[in-house]
Amino acid sequence: MRDGNPASGESTTPFGLVPAGFLLVVSGPSGVGKGTLVDRLLAARRECVLSISDTTRPRRPGETDGVQYGFLSREEFERRRAAGWFLEWAEVHGHLYGTPAGFVEHEIRAGRVVVLEVDVQGGASVRRAQPQAVSVFLCPPSLEALRHRLLARHTDPPDVVERRLEDAPRELAQYQEYDYLILNDDRDQATARLVAIVDTERARVRRLVAADLRAQDPQGGVRTA
């Protein structure tokens, strides 16, 4: 328990019960603001941890290996994929992305909420691999707003921006496959909704387990409660 303060996000329950860990998938089209909202969630709820994906895409200015992504050569990514390293993987816009399984398994066993910030294709892969994961879809107020955000962040050349915008309508149509939908038109309100989803899911009775049993998983697999 965290200082006995319910506002901190740590659940206080009777009978010595604590929330089991689970997987939280935050997905949406490029430029919708996934990274910003996830950063705010991590700052608001310290029981949430970010799973760092591996990728073969080039590192952008200001990015650090092991912080935003683990940056790998295509050969190394393929080697790890063949060795069963990834919980899920996908190829998006010509680059490979994968979620390391070991970290996810360890943190969920420790009772934490493991946050996966992934594109729509990656979100579909995770849901297939872990159907009990909690999934959240972020959508922009409009395609024009999405275009503005993609251009304003200055991380992709114009042709890449246009390709992402061409993919956006198809990606947005997949929102119905998710558990929750958040319209990211106001950063503070969207953050509050995301935090509320985490708090609600951690309070579900089916997730409450005895403290001394939370870390046990005899099958050795990812536990999503």
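Counting begins at 1 with the first residue displayed.
The backbone N, Cα and C atoms fix where each Cβ goes, and this holds for glycine too.
Predicted automatically and left uncurated, TrEMBL annotations should be read as such.
Residues or ranges marked as domain 'Guanylate kinase-like' in TrEMBL: 21-199. Per-residue pLDDT, averaged across the domain 'Guanylate kinase-like' (21-199), gives 93.
Look at Pro29 (ATP binding site): DSSP puts it in coil. Residues or ranges marked as ATP binding site by TrEMBL: Gly28, Pro29, Ser30, Gly31, Val32, Gly33, Lys34, Gly35.
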Taking the centre of the Cβ atoms of Gly28, Pro29, Ser30, Gly31, Val32, Gly33, Lys34, Gly35 as the ATP site, the remaining residues of that chain with Cβ inside 8 Å are Leu138, Pro140, Leu146, Arg149, Asn184
Looking only at Cβ atoms, how many others are within 10 Å of the one on Val32 (ATP binding site)? 29
Note down the number of other Cβ atoms within 10 Å of the Cβ of Gly35 (ATP binding site), including every protein chain shown. 13
Looking only at Gly28, Gly31, Gly33, which of these binding-site residues has the biggest number of Cβ atoms within 10 Å around its Cβ? Gly28
Close in space, distant in sequence - Pro29 (ATP binding site), Cβ under 8 Å, 6 or more apart: Asp119, Val120, Cys139, Pro140, Leu146, Arg164, Asp167, Ala168, Glu171, Leu172
Let me make sure I understand the structure: which of the binding-site residues listed (Ser30, Lys34) has the fewest other Cβ atoms within 10 A of its Cβ? Lys34
